[in-house]
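Read through the structure below, which is laid out as structure tokens, and then see the notes.
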Amino acid sequence: MCGRTACSLGADNLRRACAYRDRRGRRRQPEWVRTESYRPSYNKGPQSSSPVLLSRRHLQQDADSSERVLMDMRWGLVPSWFKKDDPSKMPFNTSNCRSDTMLKKSSYKGALLKGNRCVILADGFYEWQQQSAGKQPYFIYFPQTKDAMTEEKEGDKEWRGWRLLTMAGIFDCWEPPAGGEMLYTYTIITVDASKDVSFIHHRQVRVGKGAAAILDGDEAIRKWLDFAEVPTQEAVKLIQPTENIVFHPVSTFVNNIRNNTPECLAPIELGAKKEVKATPSSKVMLDWLKNSQEGSPQKKENELPRWTSQFIHSPSPKKTSAGILQQWLGKETEPAAKKRKA
């Protein structure tokens, strides 16, 4: 299952990172719906809110179905037919939806057949590997290009920062029986884990576990979102395991949902203690990351570390993240005047 994610980009940069081409080939950035409710986080769990892409036609019937909008939705689908006055009274967990049963279970079938398809955005998600000494968390994400290590410059039209992970989901809109504000909620679709991450965790039918269904590339995203042009039976064919992901071990610091700092997704060496050591260099890096959040009204989220895909692909990792961290620590030693120009 997918039970924890991170999404640290601010609202404006999320729009830039989600730029796309509409049906006419025009480059667009999705507009926000209720942007004031969005809060970036390094440690999001069920019942929290996350940024989601959906077709504008869901909100405006005469809109082009290829046009996209961004909305902050609550994680954990509440079906529109739920009759109780409190969505927290849902008797079962709907944070994840198995791909092989999503057209059978009433919680998801109705919304899916109505075309309520969405894409959940994240830096990546966390998974835990069961070990004799406990559970070891990993951070899983798309491979990053060298451009992701380049600092964004004001006026750049093309997004060159972190490539967001795009996960397929189903959403629904619930109205309180006594009236009130409509609640938009979603579930993340899960599939069997790919062979690269199956050692971390594989879905077992008995306990219903699986990895998030990832949509790799804008064409897959377009087909999943455009419910008016792509019928349900065609869209569900997009839900397949992907091997285009990388991962690295992180500290058990992320286990506590209250912890919400860059330390949650910082890579560690498995040969050392699992907890991040408070070395001078790690303190410099973490302090710098925290300052980059607080130093600008727009969070300077583009200055977050952009790790390349030099991480483990086997149960016995031999490569460490030290080299990548050194790159970022090296950047911190640049003259202050040079950094201010970026």
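Think of each number as a place in line: the chain as shown, counted from 1.
Cβ atoms here come from the backbone N, Cα and C positions, even for glycine.
Where the annotation comes from TrEMBL, it is an automatic prediction and has not been curated.
Feature annotations, courtesy of TrEMBL:
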- 29-53: region 'Disordered' (REGION)
- 38-52: compositional bias 'Polar residues' (COMPBIAS)
- 291-342: region 'Disordered' (REGION)
- 307-319: compositional bias 'Polar residues' (COMPBIAS)
- 331-342: compositional bias 'Basic and acidic residues' (COMPBIAS)
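Counted with DSSP, the region 'Disordered' (29-53) comes out as 3 helix, 12 strand, 10 coil. Nonlocal intrachain contacts for the compositional bias 'Polar residues' (38-52), taken as residues 6+ away from its ends with a CB within less than 8 angstroms of a stretch CB, comprise 3-11, 14, 32, 70-76, 88, 93, 95, 118-122, 169, 171, 186, 254, 257, 259-265, 299, 301.
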